[in-house]
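> I am attaching a structure below and will ask some questions about it afterwards.
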Amino acid sequence: MIKIYDTMSRDLREFVPIEDGKIKMYVCGPTVYNYIHVGNARSTVAFDTIRRYFEYRGYKVAYISNFTDVDDKIINRAREEGITPQEVADKYIAAFREDVTALGVKPATRHPRVVEFMADIIRFVEDLIERGFAYESQGDVYFRVEKSHNYAKLANKTLEDLELGASGRTDEETARKENPVDFALWKSSKPGEISWDSPWGPGRPGWHIECSVMSTEILGDTIDIHGGGADLEFPHHTNEIAQSEAKTGKAFANYWMHNGFVNIDNVKMSKSLGNFITVHDALKTLDGQVLRFFFATQHYRKPINFTEKAVRDAETNLKYLKNTYEQPFTGNVDAQELQNFKDKFVAAMDEDFNAANGITVVFEMAKWINSGNYDASVKQALADMLEIFGIVFVEEVLDAEIEDLIQKRQEARANRDFETADQIRDQLVTQGIKLLDTKDGVRWTRD
């Protein structure tokens, strides 16, 4: 039985899908105006792992993750680079795909873009106006927060808290609102900015309405799981809930999931603070699987500190698992012990996708594998577990010269010519091949 920590209820809940055997899942994707940083990547990796585990447990997952390709940040970047907003979005979508592929992330079932849904967004806003949940003001359209039942329930805030925080605002936009806490559904455009025609004049959608429309248009009014980083609880996901439920009268999502931050020196990694490392740069010195494995060392909801030591530890541990996977697996299977490991792994992951505990079971299994010689079914079980974390080992093929040297060493040992055997062993070490003689035969690892 899979249990999920639901941000809305703030407790572990048994997962019950809307439709047996199927899951509808929407995860907020990047605003494509720059390379993603390691903190952004954690969210992508965390929900990819969750999706993979659902599939491991037999579910068919419709996994949607959007590209926000209409945003003020994209407009500003276009001015800086002297290109169009569309060209900015295309450039960084391509960069995102390249980065997450290196991290072993599966493509979403669909990656919708805001520009594909402009007509749907306008209809959605019109509907909210007709229902009295939204109003036009000088070409902008705002959502009436006070009309929303239990607004900000996801963030555990009250409307009174928000109104108190907004008191005293005197900026131009606030003057156009009925209430300072109302948020934009549609923004009128300034001269020269990218815009779309609408009943309220040329403009572009607000950030929050984009995800509501893409989710409901593709997956329907109510989905199983909505996910994203912890910083999206408020205001983004809060506003998604308000506008979606105002339109449909139904629960927007049955489970809300949020991943923790990546910290540097215990401070959240963010572009606004300037303390970030892009995945594009990190991959110049790190293997993508190492970074991916680093994320798996901590529960997805908890913050994780990005340090050189932590990353190097992940690299060492991943190498150990790779060497384990490359054993010959020519022996017999201990079916009961293998099943015990599978059961322990499922128990760990069923408890809110606890990757850290799941990885602990994988290492226990690796230790067991290295203590004997088992058959290919054990190797497959190890591969299946690792694949959930996006770790896929490609077995290295020794070139003919090295294979010949290993065979000659075996013959020398059989003839008790240990001097020659040792010379060959030392020669292989210089080529990065380390041999291990066991009761079940010779094994090798690549340093």
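Quick reminder: no glycine exception, Cβ is built from N, Cα and C everywhere.
Grabbed the feature section from Swiss-Prot, which reads as follows:
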- C28, C211, H236, E240: Zn(2+) binding site (BINDING)
- K271: ATP binding site (BINDING)
- 30-40: motif ''HIGH' region' (MOTIF)
- 268-272: motif ''KMSKS' region' (MOTIF)
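A description of the local structural setting of each listed feature is requested, covering burial, neighbours and distances.
For E240 (Zn(2+) binding site), the count of additional Cβ atoms within 10 Å of its Cβ stands at 27 [all protein chains shown].
Note on K271 (ATP binding site): other Cβ atoms within 10 Å of its Cβ, all shown chains, come to 16. The secondary structure of K271 (ATP binding site), as reduced to three states from DSSP, is coil rather than helix or strand.
Confidence annotation: the motif ''HIGH' region' (30-40) carries a mean pLDDT of 95 in the model.
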> Counting all other Cβ atoms within 10 Å across every protein chain shown, which of the binding-site residues C28, C211, H236 scores highest?
C211
> Taking the Cα atoms as reference points, how far is C211 (Zn(2+) binding site) from K271 (ATP binding site) in Å?
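Per the Cα atoms, C211 (Zn(2+) binding site) and K271 (ATP binding site) stand 22 Å apart.
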> Quick one: pull the CA-CA distance for C28 (Zn(2+) binding site) versus K271 (ATP binding site), whole Å only.
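Approximately 18 Å lies between the Cα of C28 (Zn(2+) binding site) and that of K271 (ATP binding site).
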> Going by DSSP assignments with H, G and I as helix and E and B as strand, what are the residue counts for the motif ''HIGH' region' (30-40)?
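DSSP classes over the motif ''HIGH' region' (30-40) add up to 3 helix, 2 strand, 6 coil.
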